[in-house]
Amino acid sequence: MAANKNKNQSSLVLHKVIMVGSGGVGKSALTLQFMYDEFVEDYEPTKADSYRKKVVLDGEEVQIDILDTAGQEDYAAIRDNYFRSGEGFLLVFSITEHESFTATAEFREQILRVKAEEDKIPLLVVGNKSDLEDRRQVPMDEARGKAEEWGVQYVETSAKTRANVDKVFFDLMREVRTKKMSENKDKNGKKSGKSKKGFKQRCCLL
């Protein structure tokens, strides 16, 4: 029975999501809230923690693999390896800390550098801790403007109240799915083109 369950899960489409952002912005809290419906305020930072969950995305069962990376500068050198494996990115900052918002530009540059061969990288900018409106340092218009400049979606979340937590993960998975479908279509088109070309050449030889 267990073997069948593993087989079924392994046949599901897997979307790989990377959590990116400065330390203390709530990346782990967002991840744990999405995974387990729990709010964890104090979390010890590590190099990276990986989570996997089966979800229903627009009527289809899929798996999401979430890699929660550390924001500390000490781990900057190993981030490249994590970024290479990612298919979509949640770029998180805290609305109560403007420095963490400023840092998103550097994180984005690192992602673009590592994924330079890819055309459009699925990425969402996430302003976390929206429940702390009285401590806001990053105006919503400023954050939204930066996201528009980058051509990506901006969403404000609260890991504490669970506001928009599911939304950011599901919206990102949709972008990842769209990119995969587009890439598969391109690959199939190229294969079809090669087949037609080969057939035409063989016809000429006959």
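Here the Cβ of each residue, glycine as well, is placed from N, Cα and C on the backbone.
The number of other Cβ atoms within 10 Å of the Cβ belonging to T69 (GTP binding site), over all protein chains shown, comes to 25. Per Swiss-Prot, the feature GTP binding site maps to 21-28, 68-72, 128-131; the stated evidence is similarity to another entry.
Per Swiss-Prot, the feature motif 'Effector region' maps to 43-51. The average pLDDT for the motif 'Effector region' (43-51) in the predicted structure is 77.
The region 'Disordered' annotation in Swiss-Prot covers 180-206.
The compositional bias 'Basic and acidic residues' annotation in Swiss-Prot covers 180-189.
Summarising the annotation, Swiss-Prot assigns compositional bias 'Basic residues' to 190-200.
Residues annotated as S-geranylgeranyl cysteine in Swiss-Prot, with similarity to another entry given as evidence: C203.
For C203, the entry in Swiss-Prot reads cysteine methyl ester.
Listed as Cβ neighbours of the compositional bias 'Basic and acidic residues' (180-189) (distance under 8 Å, sequence separation of 6 or more from its ends, same chain) are residues 87.
Long-range Cβ contacts of S130 (GTP binding site) within its own chain (separation 6+, distance under 8 Å): I95, E156, T157, S158, T161, A163, N164. All chains included, 17 other C-beta atoms sit within 10 angstroms of the C-beta of G24 (GTP binding site). Under the DSSP three-state reduction, G24 (GTP binding site) is assigned to coil, being neither helix nor strand.
Counting other Cβ atoms within 10 Å of each Cβ, the lowest count among the binding-site residues G21, K27 belongs to G21.
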